[in-house]
Amino acid sequence: MEKKFSEQFSSLHELFKAYRKSERCLAAFNVNDNYDLKAVVEAANEMNTHVMVMTYPPVADLITPQVFAKMVEGMRLNAHNKVFLHLDHSTSVDQCKAAIDAGYDSVMIDGSQQPLEENIKMTKEVVEYAKSANVVVEAEIGKILGRGVEVKSDDDFLASVADVTQLYKEANPDIVAVGIGTAHGFTPQEPKIHFGRLGEIADAIPAPLVLHGGTGIPDKDIQKSISMGMSKINIGTIVHTTYMQEALKRMNEAGENAYPPFIMNEVVPLIKDVVVDRLKAVNFEYELSV
Ligand SMILES: [Zn+2]
């Protein structure tokens, strides 16, 4: 029987190329420590899929890329499929290099807040450095809304086709995050995805595209985006809010008797449940393939 989301590839590069061609998407979850990492690995096992875990820069700063890479290496002992490790939204070329040295599979250099020329320069430097280690590099064009990103009009955040094409040609990143209307975190209104622009970008460059702000996007929009060239989706907020709120509830109940393994024994399965739910939305043809 075909295992569509556990197909073996010689490298993450090859996986992304194949996913873009076959309209599949790698689900990537932001994790913070060994507990939510464990929850993501267990969820991926249950869904029989490869998965990516990502450290946001504050997590990489706190735990260090070296230690996090070792933690993921350890967790892979329990994984049935691939667990890829990615550095998410780093604005620092040096941090990307440190993650590459530490053994990350993939890094994102986010120069989207910089002028295009500077974005291209930063991306180029990381792409050059990543080459010998065979590490995937994600670049960003346009802005992902939320988290204090201020925009005045659509043109302010929407990735322009010309900019995307220039960045892709000059810096040659492996995968590209594009601002098309999604937002980080929970949003008061459903984010309005500019599918027209997504289509134009997907026609302009062959690179697998990355959809950010996965927590707040309705399933049908996630699936439509995947059919249009999104080959990686980032999901963060739903993981850490479930983690923190459920842990807080139990710590309040336990009071001064709160004991980490007892609390986390109850919280990990709840994080796992939300990850399984998102994996079902992203690997939406999973019923046909298992
Ligand atoms: Zn993002």
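Each position is counted from 1, following the chain as shown.
Note: Cβ is positioned from N, Cα and C throughout, glycine not excepted.
TrEMBL entries are annotated by machine, without manual review.
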Write down the one residue from HIS89, HIS194, HIS240 that TrEMBL lists together with HIS184, HIS212 as binding Zn(2+) 1. HIS89
Cross-ref TrEMBL: dihydroxyacetone phosphate site GLY213, GLY214, THR215, ASN234, ILE235, GLY236, THR237; candidate in list GLY179, GLY181, GLY185 matching that site is GLY185
Taking ligand 1 as the reference and 6 angstroms as the Cβ limit (strictly under), which binding-site residues among GLU140, HIS212, GLY214, THR215, ASN234 are close? HIS212, ASN234
Quick check: which same-chain residues outside GLY185, GLY213, GLY214, THR215, ASN234, ILE235, GLY236, THR237 lie with their CB within 8 A of the centre of the dihydroxyacetone phosphate site CB atoms? ASN30, HIS184, HIS212, GLY216, ILE238
Per the 10 Å Cα distance test against GLU140 (Zn(2+) 2 binding site), the binding-site residues GLY213, GLY214, THR215, ASN234, ILE235, THR237 reduce to none
DSSP three-state assignment (helix, strand or coil) for HIS212 (Zn(2+) 1 binding site): coil
Tell me the coarse DSSP state (helix, strand, coil) of ASP110 (Zn(2+) 2 binding site). coil
